[in-house]
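What follows is a set of notes on a single structure, which appears directly below.
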Amino acid sequence: MPDMHCVQVDADALRSAFLLMDEGKDPHSLFFLLRLGADVDGIASQGPTFVLMMASKKGNLGAMRQLLRFGASVNMKDPEVQEGRNALMGAVEMNQKEAAVLLIGEGADVNWCSEDGKTPLILAASAGHKDLMELLLDSGADKNLADACGRDRTLLIIAADMRRTDVAEFFLSKGVDVNARDRKSLTPLMVASDKGFVEIVELLLNRRADLHAKTPDGRTAFMLAVSSRRTEVVSLLIARGANIHEMDKMRRTALYLAIEANQAEIVKILIDNGADVNAPSGFASSAPPLVHAATKGMAGAAEFLVKAGADINATDRDHRTALMLAVWYRHVDVVEALISLGARADLRDRDGKTALAIAEEAGHLDIVEFFQARGLAQKRLVGICFDHKKGVQGITKEN
């Protein structure tokens, strides 16, 4: 009689036996095949199968116990999943708590790092499985081990990014660092502010998140909220003490960023809260806010700025006024607004050109006609000639 442990069993047969058992059709075949010596780790030449992983995902404790009894490895990579996850990660991903308990009891690595940089705790947090998060932490999972296994997003940043206030509260209650940064040097508050998640922002602030922490380019959470047009978060951060005058490494203020984002409403909020309407910003032109607003075509913001005390005739480093730039970019509504607010049309830039000359050079006839209709097309002497009947005559040109 042949030794039954020498019989070779196709691993696909083992998989089929498990599926029959899982469906309640055949509770005995899996055990029988395992006794015959089937490969418990289930690596088949066609359609590689990790049977323990299958059982873990389905929460089939009976099959799991049989597989473990016959030597299945709790920390073997799933060959059907390119990311290289273990059985515990499969159970966590499918919210199979009892399966996870069994695997942990059998020695599953709670800090297993898959090839795509995930851990069991990261998967539980991403799915919001709080029971599993509790289990994993109680079993020794590292709460400070970030996504990409220490190189990318922290658990709190994952919660903030998903807008999961409950998950964020859970991790904060477990003592995670509220200011821990990810690989891009972002804090949870920065991520939540950038996304506009007011309730997460408020939670983090209440837990002493650093409102003044900066990104590598010098932006605060407040500045990120401004750039991302998160009006409600902007107002909240101002109320909680954000510095509205701060500049990033490019010398851009929050007011500059609001104009860049074409956000007249945020411009008004900043002005109402004391933003300096005449402070030059930005390395490129070192221009005051009104010049930036004119360049962007923001007539409403330009009006807010002037009424708040902005110098309507202030210039950039090339001596260009807001009016000149509005003309150049053909922002007719801004041109009209600035003229109505008292902008001077006779000023000249570094090249000696007035706003009208710029309009003529650019071929903006509608703006030229606007100036003419307002009586702003002054004449200047460009040369002289001698007429035998009239004598010396000046040659003039519209300015």
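Heads up, the Cβ atoms here are built off N, Cα and C, so glycines get one too.
Annotation source TrEMBL lists repeat 'ANK' at 52-79 (among others). If you take every residue in the repeat 'ANK' (52-79) and average the pLDDT, you get 82.
Beyond its flanks by at least six residues, the repeat 'ANK' (83-115) meets 50, 52-53, 55-61, 64-65, 68, 74-77, 121, 123-124, 127, 129, 131-132, 135-136, 139-142, 145, 149 of its own chain at Cβ-Cβ distances under 8 Å. Annotation source TrEMBL lists repeat 'ANK' at 83-115 (among others).
The repeat 'ANK' annotation in TrEMBL covers 116-148 (among others). Tertiary proximity for the repeat 'ANK' (116-148) is limited to same-chain residues at least six positions away from its ends with a CB under 8 Å from its CB atoms, namely 83-85, 88-89, 92-93, 95, 97, 100-101, 104, 110, 154-155, 158-159, 162, 164, 166-167, 170-171, 174-177, 180, 182-183.
Residues annotated as repeat 'ANK' in TrEMBL: 151-183 (among others). Residue counts for the repeat 'ANK' (151-183) by DSSP state, with H, G and I taken as helix and E and B as strand, are 16 helix, 0 strand, 17 coil.
Secondary structure of the repeat 'ANK' (184-216), assigned with DSSP and counted as helix (H, G, I), strand (E, B) and coil, comes to 17 helix, 0 strand, 16 coil. According to TrEMBL, the repeat 'ANK' annotation covers 184-216 (among others).
Residues 187, 189-190, 192-198, 201-202, 205, 211, 255, 257-258, 260-261, 263, 265-266, 269-270, 273-276, 279, 281 of the same chain lie 6 or more positions beyond the ends of the repeat 'ANK' (217-249) yet place their CB under 8 Å from a CB of it. If you look up TrEMBL, you'll see 217-249 (among others) marked as repeat 'ANK'.
Annotation comment: TrEMBL describes 250-282 (among others) as repeat 'ANK'. For the repeat 'ANK' (250-282), the residues of the chain that approach it from at least six positions outside its boundaries are 217-218, 222-223, 226-229, 231, 234-235, 238, 244, 288-290, 292-293, 296, 298, 300-301, 304-305, 308-311, 314, judged by C-beta separation under 8 angstroms.
Mapped onto DSSP helix, strand and coil, the repeat 'ANK' (285-317) counts 17 helix, 2 strand, 14 coil. As annotated by TrEMBL, repeat 'ANK' applies to 285-317 (among others).
Per TrEMBL, the feature repeat 'ANK' maps to 318-350 (among others).
Within the repeat 'ANK' (116-148), the DSSP-based counts of helix, strand and coil residues read 19 helix, 0 strand, 14 coil.
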